[in-house]
Amino acid sequence: MDRFESFQMGRAIFGLGDYLIFVFTLFISMVIGMYYAWRGVSNSTYEYLMGKKTMGIFPIAMSLAASSLSASTLFSVPTDVYLTGSMYWWIIIAVGLSIPVSLYIYFPIYHQLQLVSIHQYLEMRFNHTIRRLAALLYVIKVIFYLTVMVSGPAIALKRVTGLQEHVSMSIMFAVCIFYTAIGGIKAVVWTSTVQLCLMYGSIIIVLIKGIVHVDGLENVFWRNFNSSRIEFLNIDFDPTTRHTVWSLTIGGFFLFTAMYATDQVFIQRCLALPTMRKAVISHWINFLMLACMTSLCCLTGLVNYAFYFDCDPLKADIVKHSDEIFPLFVIQTIGNFPGLPGIFAAGIFGGVTSILSSNLNSLSLVILEDLIRPFFPLMRDSKASLVTKVTVIIFGCVIFGMALFTSKLQISLDSSLSLVSAMAGIILGVFSLGMFVPWANATGAGTAIALSFATMMTLGISTHIAKSGGLIMDYQMKSLNADGCHSPNSTIVNSSTVHFLIQEEDVNALLRISYLWYTVMSVSIVLIVGTIVSFLAGSQDPAQLNPKLLCSTLQRRHSNKATSQPNIATVHPTASVGQRTRTLLWELPRRLSPIIEVHFPNN
């Protein structure tokens, strides 16, 4: 039988046992939500949103890992490795670098201030306008992120279960909105724990069956090695190269720092723990879980290629888009084993609902605390609890409608991640501006947010248009072979390889920049513009700031400066304009010294 025969026939691979497993996982999520609703969690806003700071290390660690991953990870990473090679493994280094920075520089400030919404920090440091501006940007980011994170997994579920995209999306959103709205953060955390286990189970099953199909890991290695997919040392300094050591480690570092240091989803879970020590332990457990899952997905991508090394489905015209390759691989490896497709579908479903529930819960907190409660400070707890539930339902429905619409547009994952990364970078930038630049003021922060948002959105949308028009292609894609295809129903390209290289000299280099650099660019714009505009608009006097609003190093310097003698370079009120100008020019590098770690003499 031809290897593509079952796929061409379009037979559903879901049997009764698969449906029972799939429905059972839905039932577990709903039961967890109903349990915490029965326990009265939703009657208290503080418990509904923060768990009364009584959450345990293990469920928080699992929830952090589930929120760091997504169902897209389960099929986008294997597909990426299939097409471009093993360079993506370097992202683990980026995560490992971002976690200590987040834990030991950013999070202690939130912990000292006992925040509920992290955007409260921006009001303390700047003003309420900056807080609301950042909160609105966060809301936009979450809506867009969830919209694009749902359509891809829905396609995978369609290939495995036979369910149409709109049906699978409806089930996802209905179950997720239900248990998130009634169970609060405790339901979200515990369902994420179950869903992470399902994600692990699904990828491990596919990986094992795939290795068996290609006759062992040795064949996996040699087939990928012979096609140049075993690659770990691409040190190209060209920022337009999609995956290099630098883009994955540096760009990935900023991307994951934006997640762990300034994203409400992750900070909210850490603040739900009673102590800083437990937050640290949870984050490192999360790192281990994330590193293991990323490695499994990368290895699965190599196995996927070893399975199709001589008959690529794209070249054989079996599938039309690259995001269909991995679901096809799943069908052909586990489709004939009752129960296994159900476990895989449950893992995909768990990945989607975990991301949805985590972000909807945090979104409801941000809307309540940053956009509603400031106008109604005397709101009763019962009414606040109702607002959070209604918010989850309304925004869940809005995102569902947008996901249905965008699923027809074929938006590339890279383009989507570029825009999300840019917005995450803006938020990281304004928090970093407040913590590391003590003389930055609200004018500088607001101008920087607006300019960075306008610049990065223009760049991201222009890049997407160029990619959609075929002007930009990924020249890192490896060769694909179709010599082993013998299907009479497929149209096979005669050449043995397909090269995805297009001459792009006429396309602006900015449009070809790797999506991994978008966070770096947006952070840089905010820091540079915010610092310059703050100087021009009359910089903030660091002595007037609460030391707890600055990073620990600047807190100590601030305390030491407060007890030392006045700086001899202070200008007398009667000094001439020329003298004042020369003094300001001398003081500029001194003011920059906390950032560049250079100590200037006092005379």
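Cβ coordinates come from backbone N, Cα and C, glycine included.
Long-range Cβ contacts of the transmembrane segment (12-36) within its own chain (Cβ-Cβ under 8 Å, at least 6 residues beyond either end) map to 6, 42, 160-162, 171, 175-176, 178-184, 186-187, 190-191, 194-195, 198, 331, 335-336, 338-343, 345-346, 349-350, 353. Sequence annotations record features per position, and here TrEMBL assigns transmembrane segment to 12-36 (among others).
Sequence annotations record features per position, and here TrEMBL assigns transmembrane segment to 57-75 (among others).
Marked as transmembrane segment by TrEMBL: 87-107 (among others).
As annotated by TrEMBL, transmembrane segment applies to 133-155 (among others).
Per TrEMBL, transmembrane segment is recorded for 167-189 (among others).
Sequence-distant contacts of the transmembrane segment (196-214) (same chain, six or more residues past either end, CB-CB distance under 8 Å): 25, 62-63, 65-66, 69, 71, 74, 220, 223, 289, 292-293, 296-297, 299-300, 303-304, 306-307, 329-330, 333-334, 337, 340, 343-351, 354. According to TrEMBL, the transmembrane segment annotation covers 196-214 (among others).
Taken from TrEMBL, the feature transmembrane segment applies to 244-262 (among others). With a cut-off of 8 Å between Cβ atoms, the residues of this chain six or more beyond the transmembrane segment (244-262) that come close are 68, 87-88, 90-91, 93-95, 97-99, 101-103, 105-107, 118, 233-238, 283, 421, 424-425, 427-428, 431, 514, 516-520, 523.
As annotated by TrEMBL, transmembrane segment applies to 283-307 (among others).
The transmembrane segment annotation in TrEMBL covers 386-405 (among others).
Distant neighbours of the transmembrane segment (417-437): 105-106, 109, 118, 121-122, 125-126, 130, 134, 137-138, 140-141, 144-145, 148, 254-255, 257-259, 261-263, 444-445, 448-449, 452-453, 456-457, 459-461, 463-464, 515-516, 518-527, 530-531, 534, 549-551, 554, 594-595; these residues of the same chain sit at least 6 beyond its ends, with a Cβ under 8 Å from one of its Cβ atoms. The transmembrane segment annotation in TrEMBL covers 417-437 (among others).
Positions annotated as transmembrane segment by TrEMBL: 444-466 (among others).
Per TrEMBL, transmembrane segment is recorded for 515-538 (among others).
Counted over residue pairs separated by six or more positions, the transmembrane segment (444-466) shares at least 3 Cβ pairs under 8 angstroms with the transmembrane segment (133-155), which defines the two as touching. Of the candidate ranges 57-75, 87-107, 283-307, 386-405, 515-538, 386-405 has the most C-beta pairs within less than 8 angstroms of the transmembrane segment (167-189).
When each of 57-75, 133-155, 283-307, 515-538 is scored by its Cβ pairs under 8 Å to the transmembrane segment (87-107), the top-ranked stretch turns out to be 283-307. Long-range Cβ contacts of the transmembrane segment (57-75) within its own chain (Cβ-Cβ under 8 Å, at least 6 residues beyond either end) map to 95, 149, 152-153, 156, 188-190, 192-193, 195-196, 199, 202-203, 256, 259, 265-266, 269-270, 272-273, 278-279, 281-283, 285-286, 289-290, 293-294, 297, 323, 326-327, 347-352, 354-355, 358-359, 413.
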